[in-house]
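Undergrad: Annotations per Swiss-Prot:
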type	residues	note
DOMAIN	193-422	domain 'Sigma-54 factor interaction'
BINDING	221-228, 284-293	ATP binding site
Amino acid sequence: MSQWLAFATQLVGVRKSHQLALQFVDLLTQGLDLSDSLLLLPSSDGRLLVPHDPQRQFAWSVTDFDVPFAHVLQSSNAMHLTAEELVFWQSNRTFSQLTSRVGMFDSVWIQPLPMDTRQVHSILLLMGESHGIVSAFENADFLKFIEVFSQQWSLLNDMEREEQRRLELKQSLTDIERDSAQRSLANALSRTLIGESAAMQKLREQIVSAANSQLSVMVQGETGTGKELVAAAVHELSSRKSAPFVAINCAAIPEHLLESELFGYCKGAFSGADSDKQGLIAQANGGTLFLDEIGDMPLTLQAKLLRVLESRTFRPLGGKQELSSDFRLVSATHVNLLDQVRKKEFRQDLYYRLFQYPITLPRLAARLEDIELLSEHFVRVFNLQHNTRIRGLNYRAIDCLKQYDFPGNVRELKHLIEFGCAQTADGTQVEASCFAHRLQTLPCLAPEATPVAVSVETENVDLEPSVALAGEPNFAVIHDLKQAVSQFEALIISERLNRFAGDRAKAAKSLGIPKRTLAYKCLKLEIKTP
(Lines of atoms letter the chains of each structure in order from A and count residues from 1; the text may use other names and numbers.)
(Lines give C-alpha, C1' and ligand atoms only; values in the text may rest on other atoms or scores of the structure.)
Protein backbone atom coordinates (compact mmCIF):
# COMPACT_ATOMS: atom_id res chain seq x y z
CA MET A 1 0.00 0.00 0.00
CA SER A 2 1.34 3.45 -0.94
CA GLN A 3 1.92 6.20 1.60
CA TRP A 4 -1.10 8.22 0.43
CA LEU A 5 -3.49 5.28 0.61
CA ALA A 6 -2.23 4.56 4.14
CA PHE A 7 -2.89 8.18 5.01
CA ALA A 8 -6.39 7.86 3.53
CA THR A 9 -7.25 4.96 5.85
CA GLN A 10 -6.33 7.17 8.81
CA LEU A 11 -8.81 9.83 7.68
CA VAL A 12 -11.70 7.35 7.46
CA GLY A 13 -11.55 6.71 11.21
CA VAL A 14 -11.93 10.38 12.21
CA ARG A 15 -15.41 11.33 13.49
CA LYS A 16 -15.15 15.11 14.03
CA SER A 17 -14.78 17.58 11.16
CA HIS A 18 -12.33 19.89 12.95
CA GLN A 19 -10.13 16.90 13.87
CA LEU A 20 -10.34 15.69 10.27
CA ALA A 21 -9.14 19.07 8.94
CA LEU A 22 -6.20 19.17 11.36
CA GLN A 23 -5.11 15.61 10.56
CA PHE A 24 -5.55 16.12 6.80
CA VAL A 25 -3.29 19.18 6.77
CA ASP A 26 -0.71 17.50 9.04
CA LEU A 27 -0.53 14.47 6.71
CA LEU A 28 -0.12 16.72 3.66
CA THR A 29 2.66 18.69 5.34
CA GLN A 30 4.38 15.45 6.36
CA GLY A 31 3.97 13.66 3.02
CA LEU A 32 5.05 16.55 0.79
CA ASP A 33 7.56 18.11 3.22
CA LEU A 34 5.75 21.47 2.91
CA SER A 35 6.86 24.74 4.48
CA ASP A 36 3.23 25.58 5.25
CA SER A 37 -0.27 24.39 4.43
CA LEU A 38 -3.77 25.64 5.18
CA LEU A 39 -7.34 24.55 4.73
CA LEU A 40 -9.52 27.63 4.30
CA LEU A 41 -13.16 27.25 5.30
CA PRO A 42 -16.15 29.61 5.00
CA SER A 43 -17.13 31.49 8.15
CA SER A 44 -20.55 30.93 9.73
CA ASP A 45 -22.06 33.80 7.73
CA GLY A 46 -20.26 32.75 4.52
CA ARG A 47 -18.57 36.13 4.06
CA LEU A 48 -15.02 35.18 5.03
CA LEU A 49 -12.47 32.46 4.48
CA VAL A 50 -10.86 31.41 7.76
CA PRO A 51 -8.09 28.88 8.54
CA HIS A 52 -8.95 25.39 9.79
CA ASP A 53 -6.73 26.05 12.81
CA PRO A 54 -8.39 28.65 15.12
CA GLN A 55 -4.96 29.59 16.50
CA ARG A 56 -4.12 31.24 13.19
CA GLN A 57 -5.86 34.58 13.49
CA PHE A 58 -6.43 35.90 9.97
CA ALA A 59 -9.17 35.85 7.34
CA TRP A 60 -10.00 37.04 3.85
CA SER A 61 -13.24 38.22 2.34
CA VAL A 62 -14.68 35.88 -0.28
CA THR A 63 -15.03 38.94 -2.57
CA ASP A 64 -11.50 40.29 -2.06
CA PHE A 65 -9.96 39.88 -5.52
CA ASP A 66 -6.62 41.27 -4.33
CA VAL A 67 -5.91 37.73 -3.17
CA PRO A 68 -6.10 34.62 -5.38
CA PHE A 69 -8.68 32.83 -3.19
CA ALA A 70 -11.61 34.89 -4.52
CA HIS A 71 -10.57 34.03 -8.10
CA VAL A 72 -10.35 30.32 -7.25
CA LEU A 73 -13.81 30.43 -5.64
CA GLN A 74 -15.27 32.14 -8.68
CA SER A 75 -13.71 29.84 -11.27
CA SER A 76 -13.55 26.59 -9.22
CA ASN A 77 -10.16 26.02 -10.86
CA ALA A 78 -6.82 25.47 -9.14
CA MET A 79 -4.14 28.15 -9.25
CA HIS A 80 -0.39 27.49 -9.26
CA LEU A 81 1.76 30.51 -8.35
CA THR A 82 5.52 30.43 -8.70
CA ALA A 83 7.85 32.72 -6.74
CA GLU A 84 8.00 35.07 -9.76
CA GLU A 85 4.18 35.18 -10.07
CA LEU A 86 3.71 35.94 -6.37
CA VAL A 87 5.23 39.37 -6.99
CA PHE A 88 1.90 40.41 -8.53
CA TRP A 89 -0.08 39.37 -5.40
CA GLN A 90 1.54 41.57 -2.78
CA SER A 91 -1.17 44.24 -2.32
CA ASN A 92 -2.86 42.27 0.46
CA ARG A 93 -0.63 42.51 3.53
CA THR A 94 -1.86 39.31 5.21
CA PHE A 95 -1.40 37.22 2.07
CA SER A 96 2.00 38.81 1.47
CA GLN A 97 3.15 37.90 4.99
CA LEU A 98 1.79 34.36 4.65
CA THR A 99 3.76 33.72 1.43
CA SER A 100 6.90 35.62 2.45
CA ARG A 101 8.82 32.37 3.08
CA VAL A 102 8.30 31.05 -0.47
CA GLY A 103 11.78 30.58 -1.97
CA MET A 104 13.11 30.67 -5.51
CA PHE A 105 12.32 26.99 -6.17
CA ASP A 106 9.08 27.00 -4.21
CA SER A 107 5.53 27.70 -5.28
CA VAL A 108 2.00 28.11 -3.92
CA TRP A 109 -0.74 25.71 -4.98
CA ILE A 110 -4.34 26.79 -4.33
CA GLN A 111 -6.81 23.95 -4.86
CA PRO A 112 -10.62 24.19 -4.52
CA LEU A 113 -12.20 21.16 -2.85
CA PRO A 114 -13.77 18.86 -3.84
CA MET A 115 -11.83 18.66 -7.08
CA ASP A 116 -14.55 17.15 -9.30
CA THR A 117 -17.34 19.70 -8.79
CA ARG A 118 -18.06 23.42 -8.81
CA GLN A 119 -19.69 23.15 -5.35
CA VAL A 120 -16.61 24.33 -3.43
CA HIS A 121 -16.69 23.70 0.34
CA SER A 122 -13.06 24.61 1.12
CA ILE A 123 -9.77 25.77 -0.37
CA LEU A 124 -6.49 23.95 0.12
CA LEU A 125 -3.31 26.04 0.16
CA LEU A 126 0.07 24.29 -0.15
CA MET A 127 3.48 26.01 0.02
CA GLY A 128 6.69 24.13 -0.67
CA GLU A 129 9.10 22.80 -3.27
CA SER A 130 7.45 23.36 -6.64
CA HIS A 131 8.36 20.07 -8.33
CA GLY A 132 7.10 17.98 -5.40
CA ILE A 133 3.72 19.71 -5.31
CA VAL A 134 3.17 19.47 -9.09
CA SER A 135 4.19 15.80 -9.08
CA ALA A 136 1.78 15.04 -6.26
CA PHE A 137 -1.20 16.27 -8.29
CA GLU A 138 -0.12 13.87 -11.07
CA ASN A 139 -0.10 10.93 -8.60
CA ALA A 140 -3.31 8.84 -8.63
CA ASP A 141 -2.89 7.73 -5.01
CA PHE A 142 -2.46 11.34 -3.89
CA LEU A 143 -5.60 12.36 -5.76
CA LYS A 144 -7.43 9.43 -4.13
CA PHE A 145 -6.24 10.72 -0.73
CA ILE A 146 -7.68 14.16 -1.55
CA GLU A 147 -10.94 12.53 -2.69
CA VAL A 148 -11.25 10.48 0.51
CA PHE A 149 -10.81 13.65 2.58
CA SER A 150 -13.45 15.54 0.55
CA GLN A 151 -15.98 12.72 0.90
CA GLN A 152 -15.29 12.26 4.61
CA TRP A 153 -15.47 16.02 5.15
CA SER A 154 -18.87 16.24 3.41
CA LEU A 155 -20.17 13.24 5.35
CA LEU A 156 -19.08 14.59 8.74
CA ASN A 157 -20.43 18.06 7.98
CA ASP A 158 -23.79 16.62 6.96
CA MET A 159 -23.89 14.58 10.18
CA GLU A 160 -22.92 17.59 12.30
CA ARG A 161 -25.50 19.82 10.61
CA GLU A 162 -28.14 17.17 11.23
CA GLU A 163 -27.05 16.91 14.86
CA GLN A 164 -27.17 20.70 15.16
CA ARG A 165 -30.69 20.74 13.71
CA ARG A 166 -31.69 18.00 16.15
CA LEU A 167 -30.26 19.98 19.07
CA GLU A 168 -31.98 23.16 17.89
CA LEU A 169 -35.28 21.29 17.56
CA LYS A 170 -34.81 19.82 21.03
CA GLN A 171 -34.01 23.27 22.43
CA SER A 172 -37.02 24.71 20.63
CA LEU A 173 -39.26 22.03 22.15
CA THR A 174 -37.70 22.68 25.55
CA ASP A 175 -38.39 26.41 25.15
CA ILE A 176 -41.99 25.69 24.13
CA GLU A 177 -42.46 23.38 27.12
CA ARG A 178 -40.90 25.96 29.45
CA ASP A 179 -43.08 28.75 28.06
CA SER A 180 -46.12 26.50 28.35
CA ALA A 181 -45.20 25.63 31.93
CA GLN A 182 -44.72 29.30 32.76
CA ARG A 183 -48.10 30.15 31.23
CA SER A 184 -49.68 27.33 33.24
CA LEU A 185 -48.07 28.66 36.42
CA ALA A 186 -49.20 32.18 35.59
CA ASN A 187 -52.75 30.91 34.98
CA ALA A 188 -52.65 28.99 38.26
CA LEU A 189 -51.70 32.22 40.01
CA SER A 190 -54.98 33.74 38.84
CA ARG A 191 -56.70 31.82 41.65
CA THR A 192 -54.65 33.78 44.18
CA LEU A 193 -53.87 37.01 42.35
CA ILE A 194 -57.27 37.60 40.82
CA GLY A 195 -57.87 39.68 37.71
CA GLU A 196 -57.91 39.41 33.94
CA SER A 197 -56.67 42.93 33.22
CA ALA A 198 -53.47 43.37 31.21
CA ALA A 199 -51.75 44.70 34.33
CA MET A 200 -52.54 41.53 36.32
CA GLN A 201 -51.56 39.20 33.48
CA LYS A 202 -48.20 40.97 33.22
CA LEU A 203 -47.79 40.82 37.01
CA ARG A 204 -48.34 37.05 37.07
CA GLU A 205 -45.81 36.58 34.26
CA GLN A 206 -43.27 38.66 36.19
CA ILE A 207 -43.80 36.56 39.32
CA VAL A 208 -43.15 33.33 37.40
CA SER A 209 -40.03 34.84 35.83
CA ALA A 210 -38.76 36.11 39.19
CA ALA A 211 -39.40 32.73 40.83
CA ASN A 212 -37.21 31.01 38.22
CA SER A 213 -34.27 33.28 39.05
CA GLN A 214 -32.14 33.57 42.16
CA LEU A 215 -32.24 37.39 42.22
CA SER A 216 -33.40 39.46 45.17
CA VAL A 217 -36.96 40.63 44.52
CA MET A 218 -38.36 44.03 45.48
CA VAL A 219 -42.17 44.25 45.53
CA GLN A 220 -43.46 47.83 45.26
CA GLY A 221 -47.05 48.86 45.65
CA GLU A 222 -49.52 50.94 47.60
CA THR A 223 -51.01 49.70 50.85
CA GLY A 224 -53.56 46.97 50.24
CA THR A 225 -52.34 45.88 46.79
CA GLY A 226 -51.22 42.42 47.99
CA LYS A 227 -47.45 42.67 48.39
CA GLU A 228 -47.22 39.70 50.77
CA LEU A 229 -49.32 37.56 48.42
CA VAL A 230 -46.84 38.31 45.64
CA ALA A 231 -43.86 37.51 47.89
CA ALA A 232 -45.44 34.20 48.90
CA ALA A 233 -46.16 33.38 45.24
CA VAL A 234 -42.51 33.98 44.30
CA HIS A 235 -41.53 31.53 47.04
CA GLU A 236 -44.13 28.89 46.15
CA LEU A 237 -43.12 28.85 42.48
CA SER A 238 -39.38 28.73 43.17
CA SER A 239 -37.03 25.82 43.79
CA ARG A 240 -37.13 26.75 47.50
CA LYS A 241 -40.86 26.06 47.92
CA SER A 242 -40.30 23.06 50.21
CA ALA A 243 -38.24 25.22 52.62
CA PRO A 244 -39.63 27.88 55.03
CA PHE A 245 -41.17 31.18 53.96
CA VAL A 246 -40.29 33.53 56.83
CA ALA A 247 -41.97 36.96 56.89
CA ILE A 248 -41.53 40.02 59.10
CA ASN A 249 -42.97 43.53 58.94
CA CYS A 250 -40.13 45.95 59.64
CA ALA A 251 -42.58 48.75 60.48
CA ALA A 252 -44.51 46.71 63.05
CA ILE A 253 -41.59 45.93 65.36
CA PRO A 254 -39.76 48.51 67.52
CA GLU A 255 -36.27 49.36 66.35
CA HIS A 256 -34.55 47.87 69.41
CA LEU A 257 -36.33 44.52 68.89
CA LEU A 258 -36.01 44.23 65.11
CA GLU A 259 -32.31 43.31 65.18
CA SER A 260 -32.82 40.49 67.70
CA GLU A 261 -35.79 39.20 65.67
CA LEU A 262 -33.69 39.04 62.53
CA PHE A 263 -30.36 37.84 63.90
CA GLY A 264 -31.48 35.99 67.03
CA TYR A 265 -29.49 36.09 70.26
CA CYS A 266 -27.46 33.97 72.64
CA LYS A 267 -28.20 33.38 76.29
CA GLY A 268 -27.02 36.34 78.38
CA ALA A 269 -26.80 38.73 75.40
CA PHE A 270 -28.96 41.22 77.28
CA SER A 271 -31.24 41.41 80.27
CA GLY A 272 -34.02 38.85 79.84
CA ALA A 273 -32.11 36.66 77.36
CA ASP A 274 -32.46 33.50 79.46
CA SER A 275 -31.87 31.13 76.54
CA ASP A 276 -30.66 31.07 72.96
CA LYS A 277 -33.18 32.17 70.34
CA GLN A 278 -32.90 31.50 66.64
CA GLY A 279 -33.45 34.58 64.45
CA LEU A 280 -35.51 34.80 61.29
CA ILE A 281 -32.41 34.81 59.08
CA ALA A 282 -31.44 31.39 60.47
CA GLN A 283 -35.03 30.13 60.20
CA ALA A 284 -35.11 31.08 56.51
CA ASN A 285 -32.11 28.88 55.67
CA GLY A 286 -32.84 27.11 52.39
CA GLY A 287 -36.04 29.12 51.91
CA THR A 288 -37.20 32.71 51.52
CA LEU A 289 -36.94 35.68 53.87
CA PHE A 290 -39.63 38.30 53.28
CA LEU A 291 -38.95 41.77 54.71
CA ASP A 292 -42.15 43.80 54.44
CA GLU A 293 -41.96 47.61 54.67
CA ILE A 294 -38.18 47.51 54.44
CA GLY A 295 -38.17 51.28 53.95
CA ASP A 296 -38.78 51.58 57.71
CA MET A 297 -35.63 49.63 58.62
CA PRO A 298 -33.14 51.75 60.66
CA LEU A 299 -29.93 52.80 58.88
CA THR A 300 -27.73 50.93 61.36
CA LEU A 301 -29.60 47.71 60.68
CA GLN A 302 -29.48 48.32 56.92
CA ALA A 303 -25.67 48.12 57.05
CA LYS A 304 -25.82 44.80 58.89
CA LEU A 305 -28.37 43.40 56.44
CA LEU A 306 -26.16 44.40 53.50
CA ARG A 307 -23.25 42.48 55.04
CA VAL A 308 -25.45 39.39 55.42
CA LEU A 309 -26.54 39.61 51.78
CA GLU A 310 -22.95 39.91 50.58
CA SER A 311 -21.34 37.26 52.81
CA ARG A 312 -24.33 34.98 53.58
CA THR A 313 -23.06 34.91 57.17
CA PHE A 314 -24.35 36.58 60.34
CA ARG A 315 -23.68 36.66 64.05
CA PRO A 316 -26.50 36.45 66.64
CA LEU A 317 -26.56 39.12 69.35
CA GLY A 318 -24.06 38.12 72.01
CA GLY A 319 -22.64 35.39 69.78
CA LYS A 320 -18.96 34.82 69.10
CA GLN A 321 -19.20 32.67 65.98
CA GLU A 322 -20.32 33.51 62.47
CA LEU A 323 -23.23 31.41 61.23
CA SER A 324 -24.30 30.91 57.63
CA SER A 325 -27.75 30.99 56.06
CA ASP A 326 -28.69 30.35 52.45
CA PHE A 327 -31.91 32.25 51.79
CA ARG A 328 -33.67 34.10 48.99
CA LEU A 329 -34.54 37.68 49.92
CA VAL A 330 -37.86 39.20 48.92
CA SER A 331 -38.60 42.67 50.26
CA ALA A 332 -41.52 45.05 49.90
CA THR A 333 -42.33 48.71 50.40
CA HIS A 334 -45.11 51.18 49.75
CA VAL A 335 -42.77 54.19 49.83
CA ASN A 336 -40.45 55.53 47.15
CA LEU A 337 -37.09 54.12 48.27
CA LEU A 338 -35.20 56.16 45.69
CA ASP A 339 -36.47 59.34 47.33
CA GLN A 340 -35.32 57.98 50.67
CA VAL A 341 -31.89 57.31 49.17
CA ARG A 342 -31.71 60.93 47.99
CA LYS A 343 -32.68 62.08 51.48
CA LYS A 344 -29.96 59.84 52.99
CA GLU A 345 -32.66 57.87 54.81
CA PHE A 346 -31.87 54.62 52.98
CA ARG A 347 -28.49 53.19 51.99
CA GLN A 348 -27.76 53.45 48.28
CA ASP A 349 -25.67 50.25 48.20
CA LEU A 350 -28.48 48.29 49.85
CA TYR A 351 -31.01 49.85 47.47
CA TYR A 352 -29.20 48.43 44.42
CA ARG A 353 -28.74 45.08 46.16
CA LEU A 354 -32.49 44.81 46.82
CA PHE A 355 -33.62 45.99 43.38
CA GLN A 356 -32.20 43.10 41.38
CA TYR A 357 -35.71 42.13 40.26
CA PRO A 358 -38.30 44.87 40.93
CA ILE A 359 -42.02 44.07 40.67
CA THR A 360 -44.55 46.91 40.79
CA LEU A 361 -48.14 46.16 41.79
CA PRO A 362 -50.92 48.13 40.07
CA ARG A 363 -53.44 50.20 42.03
CA LEU A 364 -56.98 48.84 42.03
CA ALA A 365 -58.17 52.11 40.46
CA ALA A 366 -55.87 51.34 37.51
CA ARG A 367 -57.63 48.01 36.84
CA LEU A 368 -61.33 48.73 37.29
CA GLU A 369 -62.21 45.80 35.03
CA ASP A 370 -61.03 43.42 37.78
CA ILE A 371 -63.41 44.74 40.45
CA GLU A 372 -66.27 42.40 39.47
CA LEU A 373 -64.06 39.27 39.59
CA LEU A 374 -62.54 40.33 42.91
CA SER A 375 -65.96 41.07 44.38
CA GLU A 376 -67.34 37.68 43.35
CA HIS A 377 -64.29 36.00 44.90
CA PHE A 378 -64.74 37.84 48.20
CA VAL A 379 -68.44 36.91 48.27
CA ARG A 380 -67.52 33.22 47.79
CA VAL A 381 -64.97 33.44 50.61
CA PHE A 382 -67.56 35.10 52.86
CA ASN A 383 -70.08 32.35 52.10
CA LEU A 384 -67.55 29.65 52.98
CA GLN A 385 -66.51 31.33 56.21
CA HIS A 386 -70.03 32.17 57.38
CA ASN A 387 -72.00 29.28 55.87
CA THR A 388 -74.21 31.66 53.88
CA ARG A 389 -75.56 31.74 50.31
CA ILE A 390 -75.13 35.35 49.21
CA ARG A 391 -75.78 35.46 45.45
CA GLY A 392 -73.09 37.94 44.48
CA LEU A 393 -73.48 41.66 43.83
CA ASN A 394 -76.24 43.53 42.08
CA TYR A 395 -75.05 45.25 38.89
CA ARG A 396 -75.76 48.64 40.47
CA ALA A 397 -73.44 47.72 43.33
CA ILE A 398 -70.71 46.82 40.82
CA ASP A 399 -71.22 50.16 39.03
CA CYS A 400 -71.00 51.97 42.34
CA LEU A 401 -67.70 50.26 43.19
CA LYS A 402 -66.22 51.06 39.78
CA GLN A 403 -66.79 54.76 40.39
CA TYR A 404 -64.75 54.71 43.58
CA ASP A 405 -61.00 55.42 43.68
CA PHE A 406 -60.10 52.82 46.36
CA PRO A 407 -57.22 54.46 48.23
CA GLY A 408 -57.02 51.24 50.28
CA ASN A 409 -56.92 49.13 47.09
CA VAL A 410 -57.91 45.43 47.20
CA ARG A 411 -57.89 45.25 50.99
CA GLU A 412 -60.46 48.07 51.16
CA LEU A 413 -62.61 46.36 48.52
CA LYS A 414 -62.50 43.12 50.53
CA HIS A 415 -63.68 44.88 53.68
CA LEU A 416 -66.47 46.67 51.78
CA ILE A 417 -67.71 43.38 50.30
CA GLU A 418 -67.62 41.69 53.71
CA PHE A 419 -69.54 44.63 55.18
CA GLY A 420 -72.10 44.43 52.37
CA CYS A 421 -72.49 40.66 52.74
CA ALA A 422 -73.05 41.02 56.48
CA GLN A 423 -76.05 43.28 55.76
CA THR A 424 -77.50 41.09 53.01
CA ALA A 425 -80.19 38.48 53.56
CA ASP A 426 -79.24 34.90 52.75
CA GLY A 427 -80.08 33.92 49.19
CA THR A 428 -80.15 37.51 47.90
CA GLN A 429 -77.68 39.85 46.19
CA VAL A 430 -75.61 42.60 47.78
CA GLU A 431 -77.15 45.96 46.88
CA ALA A 432 -75.27 49.23 46.41
CA SER A 433 -77.12 50.69 49.41
CA CYS A 434 -75.29 48.22 51.68
CA PHE A 435 -72.00 50.09 51.40
CA ALA A 436 -72.52 53.20 49.26
CA HIS A 437 -72.52 55.51 52.29
CA ARG A 438 -69.04 54.21 53.22
CA LEU A 439 -67.46 55.29 49.97
CA GLN A 440 -65.60 58.55 50.35
CA THR A 441 -66.54 61.29 47.89
CA LEU A 442 -63.78 61.90 45.38
CA PRO A 443 -62.18 65.37 45.74
CA CYS A 444 -63.05 68.04 43.23
CA LEU A 445 -61.21 71.32 42.86
CA ALA A 446 -63.73 74.14 43.34
CA PRO A 447 -62.23 76.78 45.65
CA GLU A 448 -65.13 79.16 45.22
CA ALA A 449 -67.68 76.67 46.55
CA THR A 450 -69.20 76.80 50.01
CA PRO A 451 -70.08 73.86 52.27
CA VAL A 452 -73.61 72.51 52.14
CA ALA A 453 -75.06 69.94 54.57
CA VAL A 454 -77.27 67.32 52.93
CA SER A 455 -79.84 65.65 55.16
CA VAL A 456 -81.26 62.26 54.17
CA GLU A 457 -83.39 59.81 56.07
CA THR A 458 -80.61 57.41 57.01
CA GLU A 459 -77.87 59.80 58.07
CA ASN A 460 -76.35 63.27 57.67
CA VAL A 461 -73.41 63.66 55.31
CA ASP A 462 -71.39 66.89 55.46
CA LEU A 463 -69.88 67.59 52.07
CA GLU A 464 -66.38 69.04 52.02
CA PRO A 465 -66.06 72.65 50.85
CA SER A 466 -64.25 71.39 47.75
CA VAL A 467 -67.22 69.29 46.61
CA ALA A 468 -70.18 71.50 47.56
CA LEU A 469 -72.10 73.56 45.04
CA ALA A 470 -72.11 77.34 45.36
CA GLY A 471 -75.43 78.80 46.40
CA GLU A 472 -78.34 77.12 48.15
CA PRO A 473 -79.60 74.04 46.24
CA ASN A 474 -83.28 73.09 46.28
CA PHE A 475 -83.24 69.61 47.83
CA ALA A 476 -87.04 69.41 47.86
CA VAL A 477 -87.13 68.55 44.16
CA ILE A 478 -84.81 65.54 44.61
CA HIS A 479 -86.75 62.26 44.60
CA ASP A 480 -84.01 59.94 43.25
CA LEU A 481 -80.74 60.29 45.15
CA LYS A 482 -78.71 58.12 42.79
CA GLN A 483 -79.88 60.08 39.76
CA ALA A 484 -79.18 63.38 41.52
CA VAL A 485 -75.65 62.27 42.43
CA SER A 486 -75.01 61.14 38.85
CA GLN A 487 -76.25 64.46 37.46
CA PHE A 488 -74.12 66.35 39.98
CA GLU A 489 -71.07 64.28 38.99
CA ALA A 490 -71.78 64.79 35.27
CA LEU A 491 -71.99 68.56 35.76
CA ILE A 492 -68.64 68.66 37.54
CA ILE A 493 -66.88 66.51 34.92
CA SER A 494 -68.42 68.46 32.01
CA GLU A 495 -67.34 71.76 33.56
CA ARG A 496 -63.80 70.49 34.05
CA LEU A 497 -63.55 69.10 30.51
CA ASN A 498 -64.75 72.44 29.15
CA ARG A 499 -62.18 74.27 31.26
CA PHE A 500 -59.35 72.17 29.80
CA ALA A 501 -60.70 72.15 26.23
CA GLY A 502 -61.46 68.45 26.32
CA ASP A 503 -58.04 67.36 27.63
CA ARG A 504 -59.00 64.32 29.73
CA ALA A 505 -55.53 63.94 31.26
CA LYS A 506 -55.59 67.47 32.70
CA ALA A 507 -59.22 67.16 33.76
CA ALA A 508 -58.55 63.88 35.57
CA LYS A 509 -55.51 65.34 37.30
CA SER A 510 -57.46 68.38 38.48
CA LEU A 511 -60.17 66.10 39.89
CA GLY A 512 -57.64 63.85 41.61
CA ILE A 513 -58.73 60.69 39.78
CA PRO A 514 -56.96 58.42 37.26
CA LYS A 515 -57.54 59.14 33.59
CA ARG A 516 -58.98 55.62 33.24
CA THR A 517 -61.59 56.40 35.91
CA LEU A 518 -62.54 59.64 34.16
CA ALA A 519 -62.92 57.80 30.84
CA TYR A 520 -65.16 55.22 32.51
CA LYS A 521 -67.35 57.93 34.04
CA CYS A 522 -67.63 59.79 30.72
CA LEU A 523 -68.80 56.58 29.07
CA LYS A 524 -71.22 55.68 31.88
CA LEU A 525 -72.67 59.18 32.24
CA GLU A 526 -72.69 59.75 28.45
CA ILE A 527 -70.55 62.87 28.73
CA LYS A 528 -69.31 64.11 25.37
CA THR A 529 -65.82 65.57 25.23
CA PRO A 530 -65.80 69.11 23.79
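For all residues, glycine too, the Cβ spot is worked out from N, Cα and C.
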Undergrad: Would you mind listing, in sequence order, the residues at least six apart from Leu291 (ATP binding site) in the same chain with a Cβ closer than 8 Å to its Cβ?
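TA: Residues satisfying the criterion: Ile248, Cys250, Met297, Leu329, Val330, Ser331, Ala332.
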Undergrad: Let me know how many other Cβ atoms fall within 10 Å of the Cβ of Gly224 (ATP binding site).
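TA: Excluding its own Cβ, Gly224 (ATP binding site) sees 20 Cβ atoms within 10 Å.
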Undergrad: Among all the protein chains here, how many other CB atoms are within 10 A of the CB of Thr288 (ATP binding site)?
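TA: Excluding its own Cβ, the number within 10 Å is 24.
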Undergrad: According to DSSP, does Leu291 (ATP binding site) sit in a helix, a strand, or coil?
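TA: Looking at the DSSP assignment, Leu291 (ATP binding site) belongs to a strand.
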Undergrad: Long-range neighbours only, meaning 6 or more apart in sequence with Cβ under 8 Å: which ones does Lys227 (ATP binding site) have?
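TA: Non-local contacts for Lys227 (ATP binding site): Val219, Gln220, Gly221, Asp292, Ala332, His334, Leu361.
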Undergrad: Suppose you look only at the domain 'Sigma-54 factor interaction' (193-422); what would the mean pLDDT be?
TA: 92
Undergrad: Validating a neighbour-count step here. Other CB atoms within 10 A of the CB of Gly221 (ATP binding site): how many?
TA: 20
Undergrad: Restricting to the chain of Asn285 (ATP binding site) and a gap of 6 or more, list residues whose Cβ falls under 8 Å of its Cβ, or answer none.
TA: Ala243, Pro244, Ser325, Asp326, Phe327
Undergrad: Does DSSP give Lys227 (ATP binding site) helix, strand or coil?
TA: helix
